[in-house]
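Chemist: Dumping the structure here so I can ask a few things about it.
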Amino acid sequence: MGEEGIKINDTHKRRIDEVEPSEKEDNVERQTKKYNFEIDEPEEQEKKDEKEDDKEESPSKSLEEISQSVSPVEEEPRDVRFKELSTPFSYPINDPPEGRPVRVYADGVFDLFHIGHMRQLEQAKKVFPNVHLIVGLPNDQLTHRLKGLTVMNDKERAEALRHCKWVDEVLENAPWVITPEFLEEHKIDFVAHDDIPYASDDSGDIYLPVKKVGKFIPTKRTEGVSTSDLITRIIRDYDQYVMRNLARGVNRKELNVSLFKKNELDLRHHIKVLRDTLRNHWVSTTRDLKADIKSFLSMATTDYQLQKNPLHGSSEPSSPGPTGFLGGINRWMQRRSSSHYDLPRVGNEIAASSSSATEENH
């Protein structure tokens, strides 16, 4: 650059009115060629200024809208993948390490392991291309003290997690609050959990220290599915489940049901069975009655057609009688009528035969 750079600097230090027009044009042309600047025409510059004014007047998005529109995972858990964050969250997110699997840690109680848990673990597994997913599980003593009673014990919950295909490692007796020492001990690169602040006795958000050091990856919750929701469904239909288990032979003491409650549920169960039986029999009886009426009407129509147009060589139409209830009544009536008219004829035949036998003897 040398002398030319010095000349340019000297020119810039001089007042504009002291520089000749030709000299100004030479300077501008020289700087344009050197730095490849694009000089806009006055009209184009005015258009750019108008666009910038429009951008300034347009309402800016709130931080909440920005955080919702930009997430490190996609909406659908099947296509979860890491995305570059053009707009950061309220906390930083570090770049993943290269040349080795990324060790991601996800913790929780995971009681009554359900689809919401599975989708959370799937997001954690797919947040980077190569992830080793570690799942932390607090023991029963810690969980019952800080969160409440669980349906499954810690061994059952750990075994359920081991059968999930997204999980590479289950860490039992995990701490309730993640500390830097814990991250260092297990060489954890990131912690994956939903972004809702999880309060404890000592902190408003137990994941806040992890967020501050850039090791927190937010996942999305599955709405409408939770362990509390499953328990609510069971409690809502409590009597039905108890009656079902009692009918299957489960002891009432195992169900924590008193003798009075058991007798009440037994009575309700018997009433329900009786009602269902009557309903089912009524349905079957109605179905048979409809079939008999249909058969009777079709037989009557056939008889009428045969009487109107008899077949050659047949004096009476042959048709199968009705079946079912009406068929039985019809056959019974036919037997009664035939026996009523046949008895005198049979008696006359017996009397005639006896008289002829007497005449022969004489």
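Quick reminder: no glycine exception, Cβ is built from N, Cα and C everywhere.
Dumping what Swiss-Prot says about this protein:
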type	residues	note
BINDING	109-117, K147, 193-194, Y198, 221-225	CTP binding site
BINDING	K147, W176	substrate binding site
COMPBIAS	1-37	compositional bias 'Basic and acidic residues'
COMPBIAS	313-323	compositional bias 'Low complexity'
COMPBIAS	351-362	compositional bias 'Low complexity'
MOD_RES	S315	phosphoserine
MOD_RES	S319	phosphoserine
MOD_RES	T323	phosphothreonine
MOD_RES	S355	phosphoserine
REGION	1-79	region 'Disordered'
REGION	308-362	region 'Disordered'
Chemist: Do you know offhand how many angstrom separate K147 (CTP binding site) and W176 (substrate binding site) by C-alpha?
Modeler: 10
Chemist: Counting Cβ neighbours within 10 Å across all chains shown, tell me which of the binding-site residues L112, I115 comes out on top.
Modeler: L112
Chemist: Indicate whether I115 (CTP binding site) is helix, strand or coil by DSSP.
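Modeler: Its secondary structure by DSSP: helix.
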Chemist: If one measures from the C-alpha of Y198 (CTP binding site) to the C-alpha of W176 (substrate binding site), what distance in angstrom results, rounded to a whole number?
Modeler: 11
Chemist: Please name which of the binding-site residues listed here, V109, L112, I115, E223, is nearest in space to W176 (substrate binding site), Cα against Cα.
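Modeler: Considering only the listed binding-site residues, the nearest one is V109.
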